[in-house]
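To start, the structure under review is shown below, and the notes come after it.
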Amino acid sequence: MVYLTLALNLSTYAIFNLHYSPADGAKLLCDFSGTATLLTIAGGYLSDVYISQFTGIIIGEILGTIGSVILTISAAVPALSPPPCPLFDPSCVRPTGKQTAIFYFGLYILAVGLANIKPNAPTLGAVQFNENDPQQKKQLLSYFNWFLFSTCIGAFPAVTVISYAQEQVSAAWGFGIPAIVLAVSIFVVCMGMPYRAKERKGSPITGIAMVFVAAARKWKLKSPDSVEELHQPIEDLQHLPHTNQFLAAIRTNDEEKHSRWKLCSVTQIEEVKAVLNILPIFACTIIVSCILSQLQTFTLLQAATLERKIGKHFVMPLASLAVFPVLAILLLMPLYDQLLVPFLRKITGNDRGISHLQRVGIGLVICTLSMVVAAIVETKRLKVARENNALDNPAAVLPMNALWMAFQFLVFGIGELFTVAGLLDFFYTESPENMRAMGISLVNVSFSFGYFLSSVIVSLVNARTKPDWLPENMNRGRLHSFYWLLAAMGAINFVNYLFWSWWYRPRMEYESQLESFKSVENVA
């Protein structure tokens, strides 16, 4: 809830309260979201190696509370923010260096806190299932669906109550309420200890480095014809299915057994190969958050030029447009999990109904379509602005309902239903057992790269387009062309994804090879 609140309200706060330009507000959001999600790889690593997921969540909530309190003070104290002024008024004063420093300090303390929560929360829930128990293994298949569902339950008040409080009452409430929620959640989490805690088995990063060093030492050797020439402790046989190409596991002399930097087990090599194999899929999902960042920034600015009244008195907050993807997931997820998956299971024979990669691919297509819808809606908005002689009046409220923007949010929400839950399941299932928190963090790192990519694209588009596609006066811009550009990038990315998803071999396909390896090793 806290992350979504910040993501939705940050760009509007920067534009309306800190007097940033639309492009600068969008880049601020992308930089914050990119940092918060990129640091999840460190949060996942710390939990896998040094602390537990449970401890990581507690640390994250403490840091998040501190950051939110600093942001609340920054927004509430007049001396710590610039004076109010009309939107896009040339006389508006930007924040001073001191004001900016305090704001950014709180913002990035919060980012570090979120980086400890985001990879550990889903992993802590997943490790409570015993995968050796058939019933619990079946329940795990639906876990990430319901995890996404639960996050949307938390997101609902963020996009309704908190957004309304920030826009209609005070900007400080947009930071203050998350601070209160995080503080309370510390005590709530401490009240419930995990049923199962994963045993920590050392640094996976060090293990990866060992494999590369050992393989580099033996790059001139040929792969052996017999698995008997490979180093594989019996206790490791249950961990990963085995493939071929094991230079780092070739035994050249007995002394090498005493140096893990010279001789690695087959399982260690398979862990590295498992990580390398999922990287192309990871790269193909970066576009999702690149698209999402446009909905969190430019789409909200479009809505600011439209009629937002619902009934006689209620004015819909800008950030409340995000209620539509949340509602889409809340309504469709139970139908997907309880009706569609059992139906597809009968057809495909897959316990999940469709595979991880098929689900993610469907989501990529739908997310790309949201940019097509956004481009069409923006074309209509510009037509209304032209017909009402408002092209040079960016503060004018156009006679067009802001609910038109709901269409692109709804389409993206449906895409998110397939993509995010599919990616969480994919990275958890396909990652080595001792890297699962880091595997989950790859979903967030993918989002991070997407946010940073969006920031770069916005800068390049502003630098290369004349007249500007993304000016302060959006009525004179070409935002629809920008949306079409992202739709084209999404289409090209999907073609790339098709190749890599065809190339990828899930770990389960190696089970027969694992059984044969066990037989040979036991005989030996």
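Note: Cβ is positioned from N, Cα and C throughout, glycine not excepted.
Over in TrEMBL, the protein carries these features:
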TRANSMEM  26-46  transmembrane segment
TRANSMEM  58-81  transmembrane segment
TRANSMEM  101-119  transmembrane segment
TRANSMEM  140-165  transmembrane segment
TRANSMEM  171-193  transmembrane segment
TRANSMEM  274-295  transmembrane segment
TRANSMEM  315-336  transmembrane segment
TRANSMEM  357-377  transmembrane segment
TRANSMEM  402-428  transmembrane segment
TRANSMEM  440-461  transmembrane segment
TRANSMEM  481-500  transmembrane segment
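Listed as Cβ neighbours of the transmembrane segment (315-336) (distance under 8 Å, sequence separation of 6 or more from its ends, same chain) are residues 4, 8-9, 12, 145-146, 148-149, 152-153, 155-156, 159-160, 163-164, 166-168, 295-296, 299-300, 303-304, 308-309, 402, 405-406, 409-410, 412-414, 416-417, 421. Through the fold, the transmembrane segment (357-377) approaches residues 281, 284-285, 287-288, 291-292, 294-295, 299, 302, 404-405, 407-409, 411-412, 414-423, 426, 480-481, 483-484, 486-487, 490-491, 493-494, 497-498, 501, 504 of its own chain, all at least 6 residues removed from its boundaries and within a Cβ separation under 8 Å.
Long-range neighbours of the transmembrane segment (26-46) within the same chain, counting only residues 6 or more positions beyond its ends whose Cβ lies under 8 Å from a Cβ of the stretch, are 3, 6-7, 10-11, 14, 20, 56, 60, 107-108, 110-112, 114-120, 123, 203-205, 289, 293, 296-298, 437-442, 444-445, 447-452, 454-455, 458-459, 470. Long-range Cβ contacts of the transmembrane segment (171-193) within its own chain (Cβ-Cβ under 8 Å, at least 6 residues beyond either end) map to 1-2, 5-6, 9, 13, 16-17, 54, 57-58, 61-62, 64-65, 68-69, 71-72, 74-76, 113, 158, 161-163, 165. Counted as Cβ pairs under 8 Å, contacts with the transmembrane segment (274-295) are highest for 440-461 among 101-119, 402-428, 440-461. Taking pairs at least six residues apart, the transmembrane segment (101-119) and the transmembrane segment (440-461) share three or more Cβ pairs below 8 Å and count as touching. Tertiary proximity for the transmembrane segment (440-461) is limited to same-chain residues at least six positions away from its ends with a CB under 8 Å from its CB atoms, namely 23, 26-27, 29-31, 33-38, 40-41, 43-45, 115, 118-119, 122-123, 278, 282-283, 285-294, 420, 423-424, 427-428, 431, 469-470, 482, 485-486.
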